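The annotation domain 'ABC transmembrane type-1' is assigned in TrEMBL to B:57-237. If you look up TrEMBL, you'll see B:60-85, B:105-136, B:157-178, B:184-208, B:220-240 marked as transmembrane segment.
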Amino acid sequence: MRLSARPSSGVVLVACLLLLWEVSARLDWMHTPNWPPLTDVLVALAHDTLTGELPLLVGGTLWRMAAGLAAGGAAGVVVGMLFATLPMTARLFGPMVELVRPIPIPAVIPPLVLFLGLDNTMKVTVVALTVFFPVLTNTMQGVAAVEADTLAMGRTFGIGPLRRALRITLPAVLPYILAGFRVSLALALVVAVVAEMIAGEQGIGHYLVMMQFAGRAPEIYATVLVLAVLGYGLNRAFLVMEHRTIHWWFAMGRQADG
Amino acid sequence: MKLSRIWPGLVVLALLLAGLEAAVNAGLIRRALMPAPSAIAPVLWGLLESGEVLEPLFATLRLVFAGFAIGSVLGIAVGLAMGWFPAAFRLLEPLVELLRPIPKAALVPALMLFLGIGETMKITSVSLAVLFPVLVNTLQGVRGVDRVMLDAARTHGWGPAHTLLHLVLPAALPFILAGMRISLGLALVLAVLAEMLTGQGGLGFLILDMQRSFLIRQMYAWLVILAVVGLALNGLFLFVERRALHWQPALRP
């Protein structure tokens with residue numbers, strides 16, 4: 001985007017909409033207590049942040065998200081590698097994976113509650129299950145994209161299988177795995193929040209539902225705002241990390257979407 | 001997919017079910033948590049045979065399809081406008097970038113305060129979830145249209161409306177459909193979530209309700225039904241996508 005001295009029409013539109021939000025809420029055009037002014041939302045956000053309530057809740061949610069991301073991602077990479085290198089395993093277990101994949105994730109929470117209870121274990125598992133599928137798919141694509149010539153050349157030069165896997169296959173697959181993780185990252189945050197909304201008494205998701213029961217609209221919008229910023233920030237941070245880790249991939253003129 | 005290619009997988013599935021059955025009967029898995037498949041099957045059959053399945057099924061499908069239709073139409077319309085008219089892009093791009101990262105699932109409580117717990121709220125949350133992936137993909141598709149083709153259209157004296165309908169839309173279609181396929185999955189997720197949080201309506205509510213009432217066999221039966229719905233929706237869309245894009249060489253099997 002080009003920088004110019006005059007704000008673009010889009011920025012003006014956003015500013016007008018925010019102003020409309022504030023004015024419509026202050027003058028109660030909507031005839032509802034559930035349409036709080038933007039300034040009230042920001043005050044609620046500042047208040048809950050300063051009391052430490054929000055950071056604590058967000059921290060818990062982020063921790064569960066990260067644990068699920070790590071567990072599900074690792075499982076996805078391992079199974080993806082297995083499926084791609086030993087086609088027989090894909091034929092044996094592929095249909096099972098394809099049967100579980102289309103189940104909408106909130107629906108697996110009730111049975112998981114039975115086995116794992118309401119606390120961390122259940123929520124981390126739900127996140128891991130969500131993350132597993134995109135990472136699995138991307139890993140398999142990545143292994144399929146490893147150039148056979150490169151591997152053959154490695155063999156010709158007498159490089160052992162372990163070193164071939166570490167020095168040739170892994171770097172070639174890494175961009176795909178990272179792309180899978182990036183897709184999963186956004187899902188993981190949302191799913192962690194969803195799991196907290198449906199079951200248990202932890203984290204930002206539960207807070208959201210409690211505020212809804214209490215009819216405290218400013219807190220709800222403040223929480224939504226925090227989650228949006230968090231999602232955006234995590235994605236940005238991951239992109240930076242991705243560019244650092246696989247700079248050579250981008251140097252070859254490839255796109256982030258692998 | 002050919003039957004000869006998937007039979008090993010089906011055998012593994014059958015073995016797993018048999019193994020589960022044996023494990024439950026041997027007391028390795030607590031019956032209260034995971035009933036034997038043979039105990040779930042009659043419940044499932046009962047739901048299907050009595051027609052009890054129809055009402056919740058249609059309630060959920062109605063949400064999914066209504067929200068999906070509204071969100072897709074809006075997403076395609078705004079995406080086309082933003083891709084085609086630079087002024088529309090400048091006007092709407094900051095707004096879209098601002099709203100896009102908001103997790104739509106977290107909006108459900110806010111929408112519940114606003115629109116109540118009825119159909120309006122559920123359909124709104126589903127269409128919001130559908131809107132943005134479709135919009136962004138449509139935009140990407142429109143911007144990716146070959147400049148040479150656009151010049152050719154102008155040379156042949158095509159008007160803007162004709163070009164949009166007969167060149168830009170078909171060229172962007174693979175992107176639009178890819179966005180819609182992602183959104184269809186999201187639509188089902190949001191529908192189930194909204195049903196769970198409002199405590200009324202279709203399949204999502206029933207699964208949670210059965211778990212809370214400790215009607216575990218019923219819970220698994222409804223879960224199987226929901227899984228079949230997810231599988232069928234995905235299959236249906238892949239079929240439609242393949243038909244709509246038959247002219248695309250890359251997608252030919």
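Note: Cβ is positioned from N, Cα and C throughout, glycine not excepted.
Those TrEMBL annotations? Automatic predictions, nothing curated.
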Selected stretch (most C-beta pairs under 8 A with the transmembrane segment (B:184-208)) from B:60-85, B:105-136, B:157-178, B:220-240: B:105-136
Given the transmembrane segment (B:157-178), its same-chain partners at Cβ distance under 8 Å and 6+ residues beyond its ends are 76, 79-80, 83-84, 134, 137-138, 140-142, 144-146, 149-150, 241, 244-245, 248, 251
Same-chain residue ranges lying at least 6 outside the transmembrane segment (B:220-240) that approach it to Cβ under 8 Å: 34-35, 40, 43-44, 47, 53, 56-57, 60-61, 64, 180-181, 184-185, 188, 192, 203-204, 206-207, 210
